[in-house]
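Accompanying notes for the structure given below.
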Amino acid sequence: MEPSKLFTMSDNATFAPGPVVNAADKKTFRTCFRILVLSVQAVTLILVIVTLGELVRMINDQGLSNQLSSIADKIRESATMIASAVGVMNQVIHGVTVSLPLQIEGNQNQLLSTLATIRTGKKQVSNCSTNIPLVNDLRFINGINKFIIEDYATHDFSIGHPLNMPSFIPTATSPNGCTRIPSFSLGKTHWCYTHNVINANCKDHTSSNQYISMGILVQTASGYPMFKTLKIQYLSDGLNRKSCSIATVPDGCAMYCYVSTQLETDDYAGSSPPTQKLTLLFYNDTVTERTISPTGLEGNWATLVPGVGSGIYFENKLIFPAYGGVLPNSTLGVKSAREFFRPVNPYNPCSGPQQDLDQRALRSYFPSYFSNRRVQSAFLVCAWNQILVTNCELVVPSNNQTLMGAEGRVLLINNRLLYYQRSTSWWPYELLYEISFTFTNSGQSSVNMSWIPIYSFTRPGSGNCSGENVCPTACVSGVYLDPWPLTPYSHQSGINRNFYFTGALLNSSTTRVNPTLYVSALNNLKVLAPYGNQGLFASYTTTTCFQDTGDASVYCVYIMELASNIVGEFQILPVLTRLTIT
C-alpha cells in the first residue's frame, strides 16, 4: 500500500507534510558527516601518534639519562683509578730520583766505612789494597766533590791560617832541579797527584821524569785532615812526558800525557800530532801504558796537548781536558773557520765598532806565535770498559761558545760538570763554563758549553794582553789559575750574584807575583789572604775544597808553584786552610 499523503487526527487538527527531501540532499549530508568523522579520526590518530612519539621520546630520554649516568659513574671510577695511579707514580718518581740515590749513597758510605776498618796483610790479586785500604776517612767521604753552599743566600767568608801538615808533594833536591805542572784529583775514595820533574832547569822540551802518587784523606790528632800517601810511581824511562793531567779512577789513577822533545812552537808548526800516552796505575802496583790515537786526531790536528788540570771519571767514561793547533784545511779547520766567542764585561766594556771587534775576536784564535794555527780546546773521552784497548775520541766544543784553546780542568761537583779554561788569550778574567755531553754509541759525541760571567779579578798578562786589557787581540799570555766553585751557578735572574768560588790568584796585572788566596763572587772579591812576602814569584795554582761532615768544617788545599832560591826555580807547595762561612 502506498503511504498516505495526509495524516488526519481528531480534534479537527490537520498536519500538512513538509517538503519532500530528495536523494541529492541526503547524499551531501552523508558526505559531510563522513568527512567530519574522518577528520575526527585523523586528528585522533595524529594525537595518538604524537602521544606515542612523546612517550617514546620520554622512554629514550630516560635511557640516555641512564646511559649518561652510567658513563659518568665509569668516568668517576677511572678518575679515582688515575688519581691512585698518579699517586703511585709520584711515589715511584720520588723513590727513583730522591730516596733511592740517597739510599745508594748511604749504602756506599756504609760500605766504604766498613772497608776502612778492614786490615789485611795478604797480597790481593785484584786492584785492591795490600795493607791499608784505598778509602778516605769516613768523615770526608760524603763531603768530597759536593757544593759547600746550596742556598743561594749571601754569605761572608774568612780564610784561616795555613795548617801545618806534612807535604805530600816532594820538591827538587838540587839547585838546577825543577818540579812543575802539578795536577791533582780528589775522588770519593782516594786522591791522585802528578807533576813533572825536569832535569835541566825548567826547559820541559829536553828531558824529564814524571812523579805520580795516590793516597787517602785521614784525620790527624789535631782534628784537621792530612793527605796520606800510600803509593808512589816514578816514571823514569827516557820518555819526555809533558803537560800531564791526572784523574782518580776505581782502584787507582789515570794519567794523560803527550811526548815531545821539541819546543811547543815547533809542535804547532808541524803537521803530525805528537805521541799521546794514557797511563793507568792501580793500587796493586799494576802499571799499564798505551799509546792512543783518538778518533778525530789524525788529519785534523797539528798538535794536541793535555790540559794539565785534572780530569774526571764520569758515567763509566774517562774525560780529560785538552787543546792544540788545528790544521787549516782539515775537516775540523774548515768547519770552525768562522767561529768565535766574544764575551763582554758590562761594567768595563771595550769601545769600538762591533764589526771590527768581532773581526779582532776571530783573529785572536790564530796567534802568529803558534804558526797561525787555530788554537782549539777539546776533551779526550775514553770508555772505561774498553780502556785497555784505548777506545777514545776527541769531543770538540764550538768556538762560538769558548775562547781560544788553552790549558784547563774538568770538574765534577754534585754530578754537575764544569770546565775551567786558562785565560791565555785577550780575555783577562777567570773562564768557567758549565758543560754537558751527548754521548753516542756510533758517530761523533758532542759537548755544549755555557759560560759563567765572572768579572771579579784578572790574571797577569804581558804586552797588549795585560790584566787591564778587555779588548780582542791576538796574543798568548796569562797563567793557569783554576777556581773551585763553592755554590752551583744558577741562570735564574737575581741570584747569580751569590755564586761563590775560591782559589789562588796572582795579584798583579803584568807579572806573575803576589800569590793570594781568595774567595770571590761573580763581580767582586769577598776575601783576600796574601801568601808569602810581597813580590814573591809564583806560577800555576790549582784548588780543591771538601768538607768534614763530622763537624761541618770546610777545608781547601791550594797547590801553588812558588819561587825557590834554594832548590830549583819553583817549589810546588800544598797549602791547606780552613774556610769559615757565615
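Each residue's number is its place along the chain shown, starting with 1.
Cβ coordinates come from backbone N, Cα and C, glycine included.
Per Swiss-Prot, the features are as follows:
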- C178-C202: disulfide bond (DISULFID)
- C192-C253: disulfide bond (DISULFID)
- C244-C257: disulfide bond (DISULFID)
- C350-C471: disulfide bond (DISULFID)
- C382-C392: disulfide bond (DISULFID)
- C465-C475: disulfide bond (DISULFID)
- C545-C556: disulfide bond (DISULFID)
- N284: N-linked glycosylation site (CARBOHYD)
- N329: N-linked glycosylation site (CARBOHYD)
- N400: N-linked glycosylation site (CARBOHYD)
- N448: N-linked glycosylation site (CARBOHYD)
- N507: N-linked glycosylation site (CARBOHYD)
- R180: site 'Binding to the glycan motifs of the host receptor' (SITE)
- K242: site 'Binding to the glycan motifs of the host receptor' (SITE)
- E264: site 'Binding to the glycan motifs of the host receptor' (SITE)
- Y323: site 'Binding to the glycan motifs of the host receptor' (SITE)
- Y369: site 'Binding to the glycan motifs of the host receptor' (SITE)
- E407: site 'Binding to the glycan motifs of the host receptor' (SITE)
- R422: site 'Binding to the glycan motifs of the host receptor' (SITE)
- R512: site 'Binding to the glycan motifs of the host receptor' (SITE)
- Y540: site 'Binding to the glycan motifs of the host receptor' (SITE)
- 1-34: topological domain 'Intravirion' (TOPO_DOM)
- 56-582: topological domain 'Virion surface' (TOPO_DOM)
- 35-55: transmembrane segment (TRANSMEM)
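Taking the features listed in Swiss-Prot, we show where each one sits on the structure.
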{"residue": "C192", "record": "disulfide bond", "CB count, 10 Å": "24"}
{"residue": "C253", "record": "disulfide bond", "CB count, 10 Å": "25"}
{"residue": "E264", "record": "site 'Binding to the glycan motifs of the host receptor'", "CB count, 10 Å": "18"}
{"residue": "Y369", "record": "site 'Binding to the glycan motifs of the host receptor'", "CB count, 10 Å": "14"}
{"residue": "C392", "record": "disulfide bond", "CB count, 10 Å": "25"}
{"residue": "N400", "record": "N-linked glycosylation site", "CB count, 10 Å": "12"}
{"residue": "N448", "record": "N-linked glycosylation site", "CB count, 10 Å": "13"}
{"residue": "C471", "record": "disulfide bond", "CB count, 10 Å": "16"}
{"residue": "R512", "record": "site 'Binding to the glycan motifs of the host receptor'", "CB count, 10 Å": "20"}
{"residue": "Y540", "record": "site 'Binding to the glycan motifs of the host receptor'", "CB count, 10 Å": "25"}
Residue among the disulfide-bonded residues C202, C465, C475 whose Cβ has the most other Cβ atoms within 10 Å: C465
Secondary structure of Y323 (site 'Binding to the glycan motifs of the host receptor') (DSSP, helix/strand/coil): strand
Residue among recorded positions C202, Y369, N448, C465, C475 with Cα closest to the Cα of N284 (N-linked glycosylation site): C202
Other CB atoms within 10 A, centred on K242 (site 'Binding to the glycan motifs of the host receptor'): 24
Other CB atoms within 10 A, centred on N284 (N-linked glycosylation site): 17
Candidate disulfide-bonded residues C178, C350, C471, C556, pick with smallest Cα gap to K242 (site 'Binding to the glycan motifs of the host receptor'): C178
Neighbour tally for C545 (disulfide bond), based on other Cβ positions within 10 Å of its Cβ: 25
Secondary-structure category, per DSSP, in which R180 (site 'Binding to the glycan motifs of the host receptor') falls: strand
Segment-level pLDDT (mean, integer) for the topological domain 'Virion surface' (56-582): 90
Inter-residue C-alpha distance, N400 (N-linked glycosylation site) and N448 (N-linked glycosylation site) (nearest angstrom): 10
